[in-house]
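Report on the structure given below.
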Amino acid sequence: MYTKIALLGLVGSAAAFNAPMMTVRRDAIATGAAAAVVAPMLRPAGAAMKKDSKAPCVEVFDERDGCKAAGTQKASGDDGFCVKVSMKAIKMNAAEATSVTKNYNTKLL
């Protein structure tokens, strides 16, 4: 008896949540129309490329040449190095480019 009541309850709840076909079709058409409006906005833009051919150049300066005082041997995190990063224009070298294209994909040994 209880199993029949539970089964009827499950069937009744499933029937209550079943949406009519008309609303499903209407929602599908509205979703398709919204996608057609938004689709042109989702196209990827072309990547912007700078024409100045600059690349980061890293320079490391070292002051550990024996000029330090005798009392500065503690581990303070100051190791006497300085790092400079700057953007520099890279010049085109036609001979180097020809060498790379000529020797590309060849065995060195």
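Including glycine, each Cβ sits where the backbone N, Cα and C put it.
Given the structure is predicted, the values throughout are model-derived calculations rather than measurements.
Going by Swiss-Prot, these are the annotated features:
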type	residues	note
BINDING	ASP52, SER53	(2R,3E)-phycoerythrobilin 1 binding site
BINDING	GLU63, CYS67, THR72, LYS74, ALA75, LYS84	(2R,3E)-phycoerythrobilin 2 binding site
BINDING	ARG64	(2R,3E)-phycoerythrobilin 3 binding site
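Projection of Swiss-Prot feature records onto the structure.
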residue: ASP52; record: (2R,3E)-phycoerythrobilin 1 binding site; DSSP (3 states): coil
residue: GLU63; record: (2R,3E)-phycoerythrobilin 2 binding site; DSSP (3 states): coil
residue: LYS84; record: (2R,3E)-phycoerythrobilin 2 binding site; DSSP (3 states): strand
(Q) To the nearest Å, how far is the Cα of ASP52 ((2R,3E)-phycoerythrobilin 1 binding site) from the Cα of LYS84 ((2R,3E)-phycoerythrobilin 2 binding site)? (A) 21
Q: Among the binding-site residues ASP52, GLU63, point out the residue whose Cβ has the most other Cβ atoms within 10 Å, with all shown protein chains included in the count.
A: GLU63
**Q.** Distance, SER53 ((2R,3E)-phycoerythrobilin 1 binding site) to GLU63 ((2R,3E)-phycoerythrobilin 2 binding site) (CA atoms, angstrom)
**A.** 32
Q.
Can you give me the same-chain residues 6 or more apart in sequence from SER53 ((2R,3E)-phycoerythrobilin 1 binding site) with a CB-CB distance under 8 Å?
A. ALA89, ILE90, MET92
Q | Cβ packing number for LYS84 ((2R,3E)-phycoerythrobilin 2 binding site), 10 Å threshold | A | 9
